[in-house]
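Peer 1: The structure is given below, and queries will be raised subsequently.
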Amino acid sequence: MNSPLSYNNVIEVTDLQRAFKQGEHEIQILRGIDLIVRRGEILALLGPSGAGKSTFLQAIGLLENGFTGSINILGQEIGSLNDKERTAIRRDHLGFVYQFHHLLPDFSALENVMLPQLIQGKSSHQAKEHAHFLLNSLKLEERLKHYPSQLSGGEQQRVAVARALANRPALVLADEPTGNLDEATGDIVLHEFLRLVRRQGSAAIIATHNMAMARKMDRIVTLHDGRLIEEY
């Protein structure tokens, strides 16, 4: 079997569909999505609230079941994997950034970024060294020992970015990553996020309703009513 690093396409999605039951009715959320994202590519998933962006990210992030179609990550067909194998894919190859930071409140900024590395099997020294590098790169060198409650919103989200990149994921999934920040702070966080993603050579899919933000990515696809309707 080829190494995951040998695959140029980080993710390939074919005919992805998702429907929910609402009483006697079936509500179609995703309607046959096809998408390929290549190694190192940063893709904007543009669409209004309710378009299906979060549902799509949950599907390709292996956070939900109940989808039909095919999801292939680094050459592995997800439908053929058991729960343990899917967890390993999430842990080793995917990173997540959300609108709200979801940091562990009883852990410092440094510890929040070390933790996913320790879970992956890194030594404490390795995890600490890489966490230092990421947080320093995000201009948080004076905040390493601070707890989330002691950080500003922008600082919290930068820690969340560092945590998402801690295991050098092949693919980062970000759902409105600056949606809870004011415009000026959001621009700073996004700039630093994109800089680090590119430096690590990760691919990324960033869901947003903001065209100005989307234009900063390598490619834009538009999701509307569960369908990809534009690409540019």
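Cβ coordinates come from backbone N, Cα and C, glycine included.
According to Swiss-Prot, the feature ATP binding site maps to Gly47, Pro48, Ser49, Gly50, Ala51, Gly52, Lys53, Ser54, an assignment based on sequence analysis. If you look up Swiss-Prot, you'll see 11-232 marked as domain 'ABC transporter', on the strength of sequence analysis.
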Peer 1: Compute the centroid of the Cβ atoms of Gly47, Pro48, Ser49, Gly50, Ala51, Gly52, Lys53, Ser54, then list the same-chain residues not in that set whose Cβ lies within 8 Å of it, in sequence order, for the ATP site.
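Peer 2: Sorted by sequence, the hits are Ala207, His209, Leu223.
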Peer 1: Using the structure shown, find which entry in Gly47, Ser49, Lys53, Ser54 (the binding-site residues) has the sparsest Cβ neighbourhood within 10 Å.
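Peer 2: Sparsest of the binding-site residues Gly47, Ser49, Lys53, Ser54 by Cβ contacts within 10 Å: Ser49.
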Peer 1: For Pro48 (ATP binding site), what residues in its own chain, 6 or more apart in sequence, show a Cβ-Cβ distance under 8 Å?
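Peer 2: Non-local contacts for Pro48 (ATP binding site): His209, His224.
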Peer 1: Long-range same-chain neighbours of Gly52 (ATP binding site), Cβ under 8 Å, sequence gap at least 6?
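Peer 2: Non-local contacts for Gly52 (ATP binding site): Arg18, Ile29, Leu30, Leu223, Asp225, Gly226.
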Peer 1: Near the Cβ of Ala51 (ATP binding site), how many other Cβ atoms are there if near means within 10 Å?
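Peer 2: There are 22 such Cβ atoms around Ala51 (ATP binding site).
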Peer 1: I want to verify one value. Collapsing DSSP to three states, which class is Ser49 (ATP binding site)?
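Peer 2: DSSP call for Ser49 (ATP binding site): coil, neither helix nor strand.
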